[in-house]
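If you check TrEMBL, you get these features:
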type     : residues               : note
ACT_SITE : Glu164                 : active site
BINDING  : His163, His167, His173 : Zn(2+) binding site
DOMAIN   : 65-263                 : domain 'Peptidase M12A'
SIGNAL   : 1-19                   : signal peptide
Amino acid sequence: MTPNVLCLLFLLMADGSLSAPAKNEDPVDKSDNILEVIPRPKAQFLPETFMLQGDVAVPKATSRNADSCYLKGCKWPKRGSYVRVPYYISTSYTQEERNVILGGLEIFELTTCIRFVPYSSNDRDFIYFKSEEGCWSFVGRQRGGQFISLDKDGCLEHGTVQHEVLHALGFHHEQVRSDRDRYVWIYPQNINPGAENNFKKEVTNNLGTPYDFTSVMHYGKYAFSKNGLPTIIAKSNPNFNWGGATKMSTYDIARVNTLYRCK
């Protein structure tokens, strides 16, 4: 059994009952940049990880220069017409807080072939929603289970839930996509020291979709600014302002449907 599985099993048992997770009544029933108002996340309870791009957890054994998905087979498996993603919500959340998480998942059910199902003891791979420090997630499916941290103090909004779930489904931030230099200027002189990796361009598969300022995965114009000046400016219109998306955009949905070949 892998260390990740053992860690998750231990925390599941500490959190509640592994074989009988809390029952869901309905399983899928604002700032400029959320990461600016949430303390930088720390994965101290998972010592084999480090944080990249503010809210992306990465195994330490992986090169920082790796592609978005850090393991082969990072997509969640598709069976028939649907992609089944088991999930478990920590019992430390109140019912109202659970409903926010479930509400954030609902758009996936309505617009894609992703189906979130309550965790059962037969599930090897699953998402564990837990309130740790900050909002963060791994990118892509991690064998044996994985955390999504949704801190009760600032992360419980539908857009934030969708942002972190999109990471878990295999997606990176919009402003680091491989073709971003055609659309934005990055101003490193305005970026907080230590936050530079949040703007590092990645090798990405953009799935034939245009650059999307309305994406729930896009940082705001002043994200991680040290002096109140913009860190990202749109080349098409330097005065254009964006950020604070409250839900997935049309292109966010299109990317999920393309990556997972939803019909």
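Quick reminder: no glycine exception, Cβ is built from N, Cα and C everywhere.
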Please work out the number of neighbouring Cβ atoms within 10 Å of the Cβ of His173 (Zn(2+) binding site), leaving out its own Cβ. 27
As a test of reading the model: what is the averaged pLDDT for the domain 'Peptidase M12A' (65-263)? 92
Cβ neighbour count (10 Å, all chains) around His167 (Zn(2+) binding site) is 24
